[in-house]
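Take a look at the structure below.
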Amino acid sequence: MAHSLCTLFLLCITITISAIMCLPGGKAVAPVIKADDDPRHSKGLEGCSFGGNFYEFHETWNPDLGDPIGVMLCVRCTCERVVKRGELMGQVSCRNIKNECPKELPCDEPILPEGECCKRCPDTKIVPDNLAKEYSEVHGDHESFEGRNIGEEFLSVMTGSEMQPRVTTDGAARGHFLFVNGDLHFSIYFKGLKKPRQVYFSDVLNNTLYEHDVHETVGKSNMICGQWRNLPNTHLRYLDSGMVFVTVTTRSYRDGEVRGRIVTHRATSTETFSSLLLPETEGDRQRKGGGGIVMMTVNEDSNKINFVGVLQGMIEDTDDSLEISVQFVRRGKLLNEVTTSIRPMDAVFADVWSRVSKNQQRWLARGQVNVLVRLNLPSGRTNAQGDITPLRTCNEMHSVMSGSSALDGPTYTGATGSAMITLTDDGVIEYTIRLIGVETAVIGLTLEVPHPKKSHKRKILDDIIRFYKNGWAYGKYDKPSAGDIHNLLMNKISINVATVEHPTSEIRGQIKHLLYNGHFARHQGMPIPLAGVNFVPPVQTSIAGHAWISLDRDCALHYEIITEGLQMAKGKEKHSKLNGLAELIIIDEAFGNQKIVLNTFDDDLAIGRLADLDEDVLQYLNEGNVFIQISTKAHPDGEIKGQVTLPNSCGRQDAPNLMEHTNNNNMPSIGFNVEADPRSCYFESEYHVDGSSWSPKFDKKCSTCTCTRLAVICDPVVCPTLNCSSPVELPEECCPVCPSKETEGKEITEEENKLNSHDEGCFFEGDKKFHAMGSTWHPYVPPFGYMKCALCKCMPGNQVNCSKIRCPELHCDAPVRLNPMDCCQTCPEQITTTPRTIPSYEFMADDSNSACYVGKRRYEADEEWVPEINGASSSTSRCIRCQCKEGKATCKLRKCPKTDCENEMYIDGECCPICLDGVGKTDS
C-alpha cells in the first residue's frame, strides 16, 4: 500500500539492532540503532553509551533516532551487563513492546495519548504488561510481595556441580537472602557438608566481594547465619542482575565444596514449606555433586498447594523437554504424584498438588512428608529426595504488644507485652510471653488470625490463658495446620491480651520476623520490656517496646530496640521520624540522673553500637542503675522505659562483678531486666539486683539495705565514737562529726553542706552515701552490715582511708564484751559469776588468751578437734582436723595415700585405712 504505515518490528541481537519500518512506496529502510563505540564522557564508568548519552546498568529508555523518525515510543532499550574477554562491559538491548499492549480494553473508544505506545481507556492509566512482567521477574508478583513484606528476597541452590572443576560431594545447600536497608541477611541450610569454614560472595569473574567466617549459631543446626552490611551500589547491581555467586568452603575443600548463583524468584516471598533435595547416587560418582530444592506455598482459600522445584547438576545437556515425576510420600506410602515436564536449559519445574486432604495438610505441617523427584534421562533414571519442613531461616520471630494495636482502638494504660516465638521443624509453635503493667486481671490470652471470610472478625487459633501465671506464659501450640504455619510466616498471627477493665483487648501485637543480625543477646532469654508504667507516676501511653543490650569483649555497647505505636500519637497525630529518641538514663541520687542519647528510630527500630563508654557508666550498668528510655515530642522526659542490668568487669578494678552472669567463652555479656532475675529483691515498689545495696526511702540518711538472694536486710547506721567535746550535726549526715578549724563555732547551712559534701567529700561504695571531708564512719560491707571494728575517714582528694580499730590494752583478769555489737572488750565493774555465751558471728578484734569460738564452743590456743559437719559422711568428717592458732580456727582436709593391699579396714578416730595384715598402714 502506497501511503500506509506498517507495523514496526525490532530484532535485538547483541549490541546492534535492526528496525524495519514500512515507508510510503513500500520500500523498506533500516535505520541503525547502535551503541557508541567509544563513549566520550563515560570512560571508567560502568554502563552503556547510546546516542551521546550515558546509561547505568538496568536503566531503560526509548531510543531517539532523530529526524525523520524521532523517539520510538514502542521500542524499549535496556543497558545490560555482559562479560567479554574476561571484562565486565555494558551492552544495549532493545525490543518491540507494541505486541505487549493489551488486545482488548473495557471501553468503546480507546485513545492513544501523546508520548505513549499503547492505547488505553480515557481517564485510565494502565501499565503495559511487559513492565509488570519485568517487575515480576525480578521482585515477584504483587500478591507475593505483600506476603512477608520485610524486604527483597533471593535464593541460591548450591551444589558441587557449580564448582570448577566439579566437586563430587554428597552434600548440597540452599541459601535464603533478604536485602533490607542496605544490608544482605543470609541463611544457608546445608546437608552432607562437614565442618563449613567460610562463606564468600563473588562476581562472574570470580572476584571476591565479601567473606564471612562460619561460627556456630545458637539454636540453629545445619545453618550458616550472617549479615553482609552496607552493600555497595555496584555490588547491589550485580545482585539484582543475578551476577553474584555464593560459595561454602569446608575443611576438606578449602576452595569451596558447593556453589550457586543468587537469583530472584517470585515463589520465595510466599514460601511456606521447603525441601533440600539430594540425588540418590548409589555409588555412581557421576551423579554426585548435584542437588535441588522444592518450594511450596499453601493456598489458604482452597485445598491446593503450589510448588516450584529447581534442580542443579542433575540434568544432561539436551534440547528436548524431559518428563519428571514428583511424588509426595509419608512413611513409605504414596500420598500424591504429579507428572510434569522440565526444560534442561533452566531446570525449573512447577505444578499444583490438588485436593490436599486435612490429614495430608496436618502431616505436612508436622514434617512427616518427603518429596521424591524422578527424572527419566537419556542415560537412565535418576532420583532426588528430601524431607519437607517449614521454611528454615536464621530469623527470629517476636511480638511487641501495645495499646496502640488494641482491637477497640488505642488504650492508654502504659502496659506492654513481649513474646518470643519459635517454629520447630516438626511444626510446633513454641512461645514465651511476658506482660508488664496491665491495669486489671488478665482474663484472655489468645493466638489469633483475621477471619478468612469476615473482615471485621477474628479467628482464635489457641487460648493460652491456661499457661499464664504471674505475668508470664510458657507454652506451645502443637497442632497448627499448614495454613496456620503459612499465616505465621506471612506475619498474620497476633497475640491478644484481654483484661477485666478491657475485656476485648487491652494490648495486642502482631508476630513479626526479626532479621538475623548476629546479636547474641537474642538467644539469652527474653528482651527487656519498655513500658510507661515503669515511670513514677506511670505515663499513660499506648506505646510499648522491648530491647536487647550486650557488651562485647572490647566493652562496646550493642543495642537493638523495637517499639510499637511510636508513629501514632494520642489523637492519631503522626510523629516525625526524629520524634522518638532512644536513650540511656543513669540513676545517680548524689549527682543527679545522666542521659546518653543512643539513636533515633528508623520506623520502629533503633539499632547501633556505642564504644568508649566511661568507666562510671560501665559500673552503673553492672549495678543495674541504668534504664533504657524512649522519649518523644509529647513526653520529652521519657514515655516508656525499662531497667537493665549488664554484668561486666570493664569498669574500675574494684567494681563488684556478678560473675554468675558472665560467660567464660569470650561471648558477650548480656543485659537482662532486673525483674526477670529470680534472685532479685522487691522492696518499696522497686526491684533490686542481688548483691546490691542502697539507701531506703523510709530512712535515706540513717539506714542501708542489701539484697541477698530474694531477702532484703536493712541495717541502721552505726555512729563511731568521736574524740571531741562539741560535735556538730550536718543536714545530710546521719552521725555527728567533729567540727574542723574553719567551721568550729560556725553554723553550717544546708546549701553549704551540699556543696561541701559533694565537691569536697567522699562517696563510699558500700553504703552508697556521701561523707563530708574529715568525717569518720564505720564501713558498710554487704551482706554483713556495718563493721564496728573498722573505721573509715574522708581524706583530701576524695580519698577514703579505712583501718582496723586497735583495742586498748586491758589490765583485768576477765574482760567482757558489754554489748554483742561492740568491737572491743572492756574490764567489767563487777565480775559476773555466769560466763556469757558469745555468738559465733561476732567479729572479735581482740581476745586476751587468743582462744577461738566456733559455734557455741570455745577452744584454747593450739587446741585441735574434729568439726561436726551436717550432711558430711563419716569418712569425710574424720579426715578434717581443725586447730586454734592466735585466735583463728583453721581446718584442713587430709589426703590418704594409695595402698597396695587387698583387704583394708578403718579404725575409729583414724582418717586413713590400714591393711588387715598390718602392712602398709597409711594413716601417719
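Think of each number as a place in line: the chain as shown, counted from 1.
Placement of Cβ uses the backbone N, Cα and C atoms for every residue, glycine included.
The signal peptide annotation in TrEMBL covers 1-18.
Summarising the annotation, TrEMBL assigns domain 'VWFC' to 46-122 (among others).
What TrEMBL records for 150-267 (among others) is domain 'CHRD'.
Within the model, the domain 'CHRD' (269-391) shows a mean pLDDT value of 87, rounded to a whole number. The domain 'CHRD' annotation in TrEMBL covers 269-391 (among others).
The domain 'CHRD' annotation in TrEMBL covers 393-516 (among others).
Residues or ranges marked as domain 'CHRD' in TrEMBL: 522-649 (among others). Residue counts for the domain 'CHRD' (522-649) by DSSP state, with H, G and I taken as helix and E and B as strand, are 17 helix, 54 strand, 57 coil.
The residues of the domain 'VWFC' (679-739), classed with DSSP into helix (H, G, I), strand (E, B) and coil, number 3 helix, 22 strand, 36 coil. The annotation domain 'VWFC' is assigned in TrEMBL to 679-739 (among others).
Look at TrEMBL and you will find 760-828 (among others) tagged as domain 'VWFC'. Here the domain 'VWFC' (760-828) has, by DSSP, the following mix of helix, strand and coil residues: 0 helix, 26 strand, 43 coil.
Under the heading domain 'VWFC', TrEMBL lists 850-916 (among others).
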Handout entry: Helix, strand and coil totals (DSSP H, G, I; E, B; other) for the domain 'CHRD' (393-516)
Key = 14 helix, 59 strand, 51 coil
Problem - Maximum Cβ pairs under 8 Å to the domain 'CHRD' (393-516) - stretch from the list 150-267, 522-649, 679-739 - result: 522-649
